[in-house]
Structure formats: structure tokens, C-alpha cells
Amino acid sequence: MYLIVLLLPFINAFFLGFCGRLIGTIGSGVLSTICMGSSTLIALLLAYEILVNDAVVHIELYKWVESEILITHVGLLYDTLSVTMLLVISSISTLVHIYSTSYMSDDPHVPRFLCYLSLFTFLMMVLVTSDNYLQLFIGWEGVGVCSYLLVAFWTTRIQANKAAIKAIVVNRVGDVGVILGMILIYKTIGSLDFSALEAGFVKPPILDNGARLDPWAPWAPIGILLLIGCIGKSAQLGLHTWLPDAMEGTDSNGSRAPQHKWTAGVFLMIRSFPLFEKAPLALLIITIFGALTAFFAATVGLVQNDLKKVIAYSTCSQLGYMVLIIGIEGSHNVGLFHLFNHAFFKALLFLSAGAVVHSTNYDEQDMRKMGGLIHSIPFTYTMMLIGSFSIMGLPYLTGFYSKDLILELTYSGRNMGVPYFISEQGHHLESLEGSIGSQGGDKRPWGGAEGSGPAPLAPPLIALWPESEPSRGSAFAFWLGTFAAFLTAFYSIRLVYITFIISPNSSKESLISSHINIVDKRVLTVLSLLCFGAIFFGYLFQDILIGDIEHPIVPPFIKVLPTLAGVFGMSLSLLLYWGFDSIGPLFILPIYSFLGGAWQFNHTINKLIAIPFFNFGHWGTYKTLDRGWLELFGPQGAGYLGTRVSQAISNLQSGVISRYALVLLSFTIIFLSLWG
Amino acid sequence: MNWVLSSLLFLPPLMGIFHLLTAGALKSPARQWGSYGSALKRIALFWSFISLISTIILWLSLDQEGGFTPLMDIDWIEGPEKIIPITMGGPLVFAVDGISIYFIILTGFIVPCSILISWHSVKYLTKGFLICMLILEFLLYAVFSVLDIFMFYILFEGVLIPMYLILGIWGSREEKMQAAYYFFFYTLIGSVLMLLCLFSLYNIHGTTDYLTLASCSHVPSQQQQKWIFLGIFLAMAVKIPIFPFHIWLPKAHVEAPVAGSVLLAGILLKLGGYGLVRLSWPILPLGAQNLAPAVIAMGIVGIVYGSFATCRQIDVKRLVAYSSVAHMGLVSITLVTHDIIGLTGSIFIMLAHGIVSSLLFILVTILYDRHHTRLIKYYRGLSITMPIWGTIMIVTSLANVAVPPSGNFIGEYLSILSSFNWNPIIGVFVCSGVILSAVYSFYFANRVTFGASGSLITSPRDVNRREFYITASMIFFAFLIGVYPIFILEVIQNSLFFIAL
């Protein structure tokens, strides 16, 4: 059972990939529905066993890599985290498979597409169920590769190809972070198993130089390196640029699956949380990155006109929330909870958007060319609206349960790193050393980390800081997060309003055809199921996933602030769009274009990194060095020199007797003078 | 003297050569199968397959604990004392251990592949070509199994002769002479230095027997070791090739016929790495330690430089050649970091890269056979006209950038780990190759495979059965050694423990 849940998607991918032509379009739909459906059922059984019965299953399959003391097994680990992820992945992925069979029904390459999807699902499952970092990296790279394939699914579109290359190259930057992080973890703990992460703190880290109680064990660099990986994979600020291109370049369906991929980064962070507990600085950086991403993506989402781009940026923003809460000490499960919830309402939004796009005549993605679709596709409108409400965090929908909690926890700011590095900037290094050193004095060198207790540094630090008001880092994150919530509400309602409600901007044929292309039963079922998830799952699963986390005590105003921000953003959006057709004139134009160009990240990276490096590659390394200096001083120079020297020597043999006599005479004189 | 094993290893290529030589005279029944050339190819293919099978049998009967499995010993120069008073240190020993056996299997695997892939592209002097291939195979087996450094040198240089002939006779263009000249210029300069160093080693120890040298590695002084290592390293650096000595490689690859490229990339480049594994740490530990920083610096320059140069190539063969330079830079770094992880990693990269880069050359040649151009700019949208080729191309590119379940990943990860252990900054530099390899590999794969199909090339034909079997089996092995590497890793490490540390 533990293996089959993984193998079913792989078998599906295998058969669809190699025998896709034999199976055919319908057959591949049936096969993948069966495989993925049974995989989901097994995942449900596993969820019963692991989540409800509270068991942890760990299976070691075979020894994978062994070199000196680096021993890694291929193993499967089923605990709360991985089973939750498994449940999300298998269920959403099954729905996406079913949806795709309807959505892609007129495409000639359905089996290939479903094969990519299944492979993606398989690798994502490998990622979440692995019991060590090295195996996790299979899934980590694999999902990157699969999303490359999915983005470039319609291979003839040049935009899709550019986006695909960009996606995989930017992801590699993140992968370097993960590789280096893994190496540092191995150097510090001596193992790459997750089980050693917990145990690694109880016993002192194994270092070859015998430093057993090294206070400078590189937890913070590890944290930052893993964060880089997460930034690359989860499209956080700085390495997010592949995401909107992937959305834009692909036509609507290739972009749906990568939404799992974004969660991979967050998953990695949650999985390696025991490490982060050691690294207050890394936690602080995580929080700040998360908050900045949430804010940045939300601002950019405000002015996008591409339906899918808006949703992509909103995903980016929500991932920012997840990363943010991981940086708050002790609340990573809330990140998992938000991930879980987000998977459902974002899948609802994406699939509805796909339905919208598909319903128009020319697969139109530009919202400005839509409008009035509420009359032709009311069901999709409903789904979209519910998804938007859920993402805004309107009370008692799924999004509310996690998003609200995230902001509250952020405000209450149990981030141990923050007071440390902000309030005692002058002395933090000494005091850190002192505190660890003093703890190293007693019997527990790694600071009270017995079992899964609180983080070692937490008690003295929290005591330093009054509970009631947030530290500066937390406050920064909280206010950015709240503002992002306001922006989320604004752009979500803007999306729904422009697409569905305002008077139609498209041609009559398009509207009529959208009525004709009404969603078929498969899409309808999928959307309804997701809609159920988007409404109820937050309530249903909160006890299982975050049962041990209490809502912090915060002032009432703070408590309602996120909701208020949401409502305010919603009403502001409605207010503005009642009066104006476009948001353009409202902004000052430079700001508008700055946001529209996504803060000009692409431009900067192209001008500063890509083009100079490529020029260097051609003119510097290839033309100047390789075909220039090295050849000149190598074979060509030697050949030239050789001919010149031999020419000179042969010139000496001129046949003129007087010259020979001169040479003879001069050598005789030289030898005589030397001997004499 | 183990007659069974040694004849398993050495006999099949020799039998093949003999069979080829006599094939015309004896009027063998092979004539009936088809044309004369085709019959010759079948003979060569048959014997190279036999050879592959026997290397695998040899592998199965290997000492798994890491020691040397002796094959044979020959009384060599040491004759009756009256005639030749000098001794070169006892009998000449051929033996196989966990390090060399994988290179031998790689040779046994690559040679039939390259005979198969040049089935139609060699149009003249077929017999000579096949004999060259089998001689090359025989010499490679010998060079990977000999335990005498002087004989190693002779065989090491002897490998050049058939390679030079393949390059010069069956090369594609007029510039093949220049390529052959570059090839010889670099390798000869390197090998002269190496010969001098081997002589001075003989002066010190009075023997050229490898195991004796390895057991007395502390005898030469540090200064001597440094110079000797420098000489040996230069010879190997030309072969690997490391940064300033690499410019023969793209030329040779571009001009070589497909079998030449495949053998060059698949095995001959690994010869340098193998030589360094054997000759650096085991017999010259102090020298290797002293010069390690210089080697590592050259390796890093090689990685970055090679990657940047690769990014801008438009000739597909040259692109693959430059990417080999980048990968081999990583190998050279980890060969001198002096830990088991690094050595294992570099050997593993060499094996995986031997398969993957050969495969890339094969794929490129499949294109060249159809369209007679190697410029990327002519190719577009091949996934529409050649879907199987496109699939294999993408998968190979993935293996080339070391995506996890491939063998390259295991090697690359261990290598980065080891270089990071040596110095964290080095590890970070090495990682730049990870990003850049993705840039050039996917640029190439995407550019050629995807996009709308262009009007510049015509007559598209997908891979045929022969090409498919070769490429598919190579991909299978490229990923097999990544999914289940332990059966290779264990033996390599046992042997490394035996000789290197």
C-alpha cells in the first residue's frame, strides 16, 4: 500500500508515455482516472492510518548511495506532514487529470500531456514521502523538469519555449542552494536522513576536526541556503520571474500542474524545520522574504490584465504567507495548513479560469477582452467568486482559517530571532555565543532539545520580549501581510468584476460561443468538488492539522484587521470599477507601469546578468582566449616558430664557401679562447 | 597467471582482428549475408559483443573486496641477464581491480555502440576502420589493466595511433589534418614530460612496478614528488583535458568521424582521469598534496570557462565538446581533494559522462547523417518530425545536467561534497557549473527539438531501429547507474581503500 500509492502514478505515466498511441485519447483518460483515483483512495486510507490513528511509518527500500560515512537509503517516510501533502497531491492531481481529459479533448497529444501530469504527480509524491534530503532532491529536480516539459507542452510556441528554459534555469539557481544546503547539513550532522535532524541535536554534531560543541555550527547558512532553494521553487521574491512567464507562455492547461511545484519549496522548509529552530537569523530572513513576497506579488497582481497572470501572482503572494509563517517560531504547521487550504481554493480558481478561457472563442486570456460572461457561464462565475472569497479570507471559508491565524501569529511574534537581532544589534553576536556557551555548560549541549520540546533559545528570548506587542520584524511582516490581504481582496474582486460583471468587451460571436462551449459534466464535477473544498476544508481539517496550536491573544482590533482589510479592499475595488472602466488613470502612470512590469525584475536581470554573461561567453572566452591567446601560444605559435627557426637554419646553409669559412673560423677562435 | 580471465579480456578483440584480416581470404560464409563491407562490420560487431559479454563475466568474477584480480604476468624486458643486464622490475603484471573494471566495461560497451553507429557513415576502407577500432579496444583493455607504469606509458601513447588514424583518414572535412595536428601536438608534449618523470621515478625506485611504487610512496622527497607529479599531471591534463590544454578537443571532435568522437568522449578523455587516479595519490601523495590547489584552480577555471564558451557555440559537436571540458574540470578538481568521496565521485562522473557524452555525440551524428549540417541554426522543431529522437535528446540533456536519478547526479553530488569539504568557496564555484550546464544544455535541446519546424531542412526521418537500440540502451544505463549505484560504488570504494589511502 505504501509503495503502490507512489507506483500508480508512475505506472500511469509509463504506459501513457510509451504506449500512448496504442491507448488512445479516451483510453488514456480512463487509465489515468483509474490509476490516479485509486492512488487517492489509498492516500485516504493512509490518512486514516497516519493522521487519525497517529502512527508514523518508515520503510527503507534499499541502500542508494554509500561513500565513507555518507549512507543514504531509498526510503519512504509517512508522517503527518507527508501524508497531508500526499492527500493534497493525489486528490488535486486526480481532479486535474479528469479535468484535463475534458479540457484537452480536442488536442492530439492528450496521452503525452497526461503522462507529464502523472510523472509530475509521481515525482511530487517522491518528494513528500522521501526520508532523506538526497531522495527529496530527486523529486525536487524532477518536478522542475516536469514543469519544464509541461510549460513547453505546445512545443511550437516560441513563448512557451522561452518560458520553459527560464523556468528551469531559474530553478537551478534554487537547486544550487539546496545542494549546498544538503552538503552543509551532511557536514554538520553527518547524515542526510530526516530522522537525524531531530536526533542530530541531542547528540553533538559529528565534525571531523573534533569540535563537538561548536557554537558556530552553520545553522544559519544552512537555513539561508535552503531558503534560496525555496525561493527558487516557490517563486519567492528574486527568483519569481519564471512564474508569470510560465503562465503567459503556456496556454492555460500547462500552467495548472506547476501549482503543486510551488508548494515543494514550502514543503522543504516545513520538513527541515528542526534546522531552522537552530537558526534565528535564518528565521528572521525567512519571515522578511515571505512578507516581501506576499506584498510584492499582491501589488503586481493589482495591475495585471492576463487572467492567469493575476492568479499566478496571487499564488505567489499566498506562498509568501506560507513562507512568512514558517519564519515565526513554532508555527510551521500553520504553514502546512495554509498550504493544504490554498491547494483547494487555488485549484478551484485555476480550473475555473481555464474554463473561462476555454469558453471564449480564441482561448482569450486578456481580461480586458472579456466582460459580461456572467450571463453565458454563470456556473463558472459562481465557482470563481467562491474561490475569490476564500482566498480573500472572508470569515468561515477555507482561506479564513489559515490566513487569519497566520496574521495573528505573526502579530504575536513568537519569533525568537527577531528580538535578538533587532533589539540587541550591537551585542547579538556576543550574547548568542554566551547563551549557547552557557547552555553548553550543563548537560544538554544542544539546548534543551529533548524530543520535540520547544526550541532551545526560546525561553530566555521570549522572556526578553513582552508578549503583547510584536517585535519589529514581526510587525513588519504583520503589516505587510495585512496590506497584502487588502490587495488580495482588491485584485480578486477586480478579476471577477472585469471578467464577469461589466458590460461585455468581446465580440458578439465570442459571447455566444462561450454560451455554447458550456462546461461539460467532468469539469462540472471537478469544480463542484473543489468548491466544496474551498468552502469547508479549512473548518474540517483544522483540528487534525493544527490542533496543537492555539490562537494567540491579541488585541481585538488586530484580530479583525485582516478581515476588515479584505472587506475594505473588496469594497474599494467595487467602488472604483463602478465608476471607471480601467484602473489605469487612477494610478500615476509610472507606478502603474512599474507594477505592470513586475517591478522590472526581468529587465534588470537581463541587462545586468544574462546579456553580459553571454557576451563574455562569446567574446571573452571563445573568441579572445580560445581562438586567440591559447592558439597563439599553443599549436599555431609553435608551428610558426618552428618554421621560422628552421627557415633561419636552412638559410645558413647557403652554399657560399666564404660563409662556411667564417663560421669555421669563428668557432675555432671561440673554442681556442675558451680552452686557453 | 589466470589464463581464463586474461583470455576473456584480451582474446575477443584479437580474434576479431584476426577474423577481419582473414575474412577476405577465407571466403567466409559471411559473404552470403550481404555485401562484403556489411559482412566485415558484422564480424567486428560480433567480436566486440563477445568482448562486452566477457568483460561482464570478468566483472562477476572480480575480487569484490577491492584487491587486484591478477590476469597474467609476462617476463618482459628482463631477459637472460647476460643479454640485457638492466631489469625493469620483474615481470609485467596485468591485473584488474574495482577501479579499472568499470572503465573496461565502459570500453566494451562503447566500442560496439560506435561500430553500430558508424554502420553507414564509413564508406571507404571499411576493413581498416574496423581493425583500428578493435586494436583500439585491445589497447584500451591493456592500458586499463596493466600494473607497470612504463608499460602504461607505452600503451597510453599507443592508443593515440589508431585514434590518430581514425581522425585523419575517416574525418569529415579538409581541416581534419589541422585537428589531427593539434591532437598530436598537445598529447606528445604532455607525454614527453611524462616519460621523463617516469624515468626519474625509475631512477629513484629502481623499478616501474606499480604496486611496489605504491607501497614506497614516501621514498621520494617532497621536492622530487612535486616535479614528478607536475610532469605526470601535465600529460594527464592534456588528455582530460583541463583548461589551458583543452583546445585540441573541440577541433578533434568537430573533425572526427562519429566513432572517433564517441570513443574520444567516451573513453579516451577518461584515460587521463584514470591515470591521475592511479598515479597521483597512490605513488606521489606529497606531490599531489602540494599541487592540489593549482589543479583545483585550473579545474574551476575549466568549469566556468568551459560553461561560458559552451553557451555560445552554434556547432553542435563543438558544443558537446566544450561541455565535456566543463564536466572534466569538475572531475579534475575532485581527483586531488584527497578523500574517498571525491575520488569515488570523480570516477562515477567519468563513467556517467562517458555514457552521456557519447550518447550526445551519437544523437548529433544521427542529425548530421540526415541533414549534413552541424549548425544549430538550421535545426528547429525536430520534435514534430523526429519525436523519438527528440525524446531521447531531452532525456540525454537531463542526464547531462545531472538531474537526480541519473548517474551524473550521484557523481556530481559526491564531487561537490568533496570539494566543499576541501574548501567551501570551491564548492560554491563548482556549483556555478550546475546552473550554467542547465543554461547550455537546455538552450541546445530546446532550440533543436522544440519550436515550429523550419523550412531550412528537409527529408526528416526519425531514428531507425539500429540507432534506437543503441541510444535507448545507453539511456537505460545512464539512469540505471543513478537509480542503483551501490553495485558500482562499493567495489570502487573497496579498491580505493586498497590503493589510494
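Just so it is clear, glycine is given a Cβ too, placed from its N, Cα and C backbone atoms.
Those TrEMBL annotations? Automatic predictions, nothing curated.
Copied over from TrEMBL, here are the features:
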{"type": "TRANSMEM", "residues": "B:44-62", "note": "transmembrane segment"}
{"type": "TRANSMEM", "residues": "B:124-144", "note": "transmembrane segment"}
{"type": "DOMAIN", "residues": "B:148-433", "note": "domain 'NADH:quinone oxidoreductase/Mrp antiporter transmembrane'"}
{"type": "TRANSMEM", "residues": "B:150-170", "note": "transmembrane segment"}
{"type": "TRANSMEM", "residues": "B:182-202", "note": "transmembrane segment"}
{"type": "TRANSMEM", "residues": "B:227-249", "note": "transmembrane segment"}
{"type": "TRANSMEM", "residues": "B:256-277", "note": "transmembrane segment"}
{"type": "TRANSMEM", "residues": "B:283-307", "note": "transmembrane segment"}
{"type": "TRANSMEM", "residues": "B:319-341", "note": "transmembrane segment"}
{"type": "TRANSMEM", "residues": "B:347-369", "note": "transmembrane segment"}
{"type": "TRANSMEM", "residues": "B:381-402", "note": "transmembrane segment"}
{"type": "TRANSMEM", "residues": "B:422-446", "note": "transmembrane segment"}
{"type": "TRANSMEM", "residues": "B:467-488", "note": "transmembrane segment"}
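The largest share of C-beta pairs under 8 angstroms with the transmembrane segment (B:182-202) comes from B:227-249, of the ranges B:44-62, B:150-170, B:227-249, B:256-277, B:422-446. With respect to Cβ pairs under 8 Å, the transmembrane segment (B:283-307) is most closely packed against B:319-341, considering the stretches B:256-277, B:319-341, B:347-369, B:381-402, B:467-488.
In this chain, the transmembrane segment (B:319-341) lies out of contact with the transmembrane segment (B:467-488); the count of Cβ pairs under 8 Å, excluding pairs fewer than 6 apart in sequence, is fewer than 3. Packing against the transmembrane segment (B:227-249) from elsewhere in the chain are residues 179, 182-183, 185-187, 189-191, 193-194, 196-198, 200-201, 220, 264, 268-269, 271-273, 275-276, 279-280, 284, 287-288, 290-291, 295, 298-299, 301-302, 305-306, 321, 324-325, 328-329, 331-332: each is 6 or more residues past its ends and has a CB under 8 Å from a CB in it.
Against the transmembrane segment (B:256-277), stretch B:347-369 shows more Cβ pairs under 8 Å than any other of B:319-341, B:347-369, B:381-402.
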